[in-house]
């Protein structure tokens, strides 16, 4: 029986992948610019000898479109893309630092008026600070110490606050404020450090008061042990407050606080010691820094053309050199003037003195005037000018020391300001704070003073201070090194010694002092 003849059209359409219908590439090379085959083009390249399966028109609607229409469909719609982008959740961009933003709020008149207002605010604030500083200087040493303590507290607050600014910019670190003990421990370490340093100064400079009072004696004799145990308590409190989610922040803040204490609080301790050694060792170095800053601005605005350092673009070589010579001259005249007053040169013995007190002391040898014998061949050169030979030149050694301090204030102290400028740029801030209107924060005004205060103390204690035996030092040795019985024996021996030297009125003197 003959087999039935197959129909040329299948009853069921065959589903053939598009790739199977694509013919092999010809041997001739295609141009590099030819676009790759799209899915629609692949379907069109099916072998023409094979009949196509009947497909509903709606399924092959895209194949009837032209190539231009297909390319148009593949192109993105800018309007739709823009609308989608607007709906995407995005983070707010990091705000640009204020000192990097251009001032486009007004025209030249607005800028000029705003600049005049800033200058007026700065001048008024400067005059107020000068008046307040001179008033506290006249009131006495204790008020100057309080001023230094207030300044270091503001600086410490401004610098430690920068750590919170840095952690907020880091995505992996939790923002500060969720750890409840961070600020408490910061100020605890600050208080303990000041207790130790100020206690050391009081014990050293007021031995005759501390070691003669039975109430202060236990604290004075064990001051360092007490300070160390207070620090250990804070350290244990820090370790017990550690939390897993805040470890990076807590340890970073711990290191940050200790570096701040070293740079700021220890430097302030040296400045306080300068005050207690004599106000002139605080007043002259601080004035030299201010003078150098002012003259650097004046010379820089007048002749400045060459930039000095990239961290401070406004600093110029001309201003730096001009301020050097101006500060040297100022230091010589300023130091010579104030070395004449006992209130400025006398070390403090009790904190109740002021400028109106009748204070006298044996001055340090550097404040005593001396005469320099000029060689005859040099003295003869001044005859045409003075009418007589210049045989002697009066001078005081403090004048030489004032020049050394002026040299340091001009060459090295400004780098404290450059360091602060780099610090601010690292955090993209213009000022450390706004505690002083027109000047920024306290740190912006004290950046060079800390370095100058440390230098003045190290220079004075190493090259100028005279080490004499005082009543306080002897009393400290007696109280800390002798027993009560040995102290009584010493008192009797001292009385017999005074009686043997013929010192009259010893008994009446003791009765007048003790009231017995």
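Even glycines carry a Cβ here, placed using N, Cα and C.
Among the features that TrEMBL reports, region 'Disordered' is placed at 42-76 (among others).
Under the heading compositional bias 'Low complexity', TrEMBL lists 42-52.
If you look up TrEMBL, you'll see 58-74 marked as compositional bias 'Basic and acidic residues'.
Annotated region 'Disordered' per TrEMBL: 90-114 (among others), in sequence order.
The transmembrane segment feature in TrEMBL is assigned to 119-137 (among others). Counting residues 6+ beyond its ends, the transmembrane segment (119-137) has Cβ neighbours under 8 Å at 143-144, 146-147, 279, 283, 355, 436-439 in the same chain.
The transmembrane segment annotation in TrEMBL covers 185-205 (among others).
The transmembrane segment annotation in TrEMBL covers 225-242 (among others).
Here the transmembrane segment (251-272) has Cβ contacts under 8 Å with residues 145, 148-149, 151-152, 155-156, 159-160, 163, 167, 176, 182, 185-186, 189-190, 193-194, 197-198, 200-201, 238, 282, 449-451, 453-454, 456-458 of the same chain, all six or more residues outside its ends. The transmembrane segment annotation in TrEMBL covers 251-272 (among others).
The transmembrane segment annotation in TrEMBL covers 278-299 (among others). With a threshold of 8 Å between CB atoms, the same-chain residues lying at least 6 positions outside the transmembrane segment (278-299) that come near it are 137, 141, 144, 271, 315, 318-324, 326-327, 330-331, 334-335, 338-339, 343-348, 364, 402, 405-406, 409-410, 413-414, 417, 448-449, 452-453, 455-457, 460.
Per TrEMBL, the feature transmembrane segment maps to 320-341 (among others). With a cut-off of 8 Å between Cβ atoms, the residues of this chain six or more beyond the transmembrane segment (320-341) that come close are 280, 283-284, 287-288, 291-293, 295-296, 298-300, 303, 308, 367, 396, 398-399, 401-403, 405-407, 409-411, 414.
Positions annotated as transmembrane segment by TrEMBL: 398-420 (among others).
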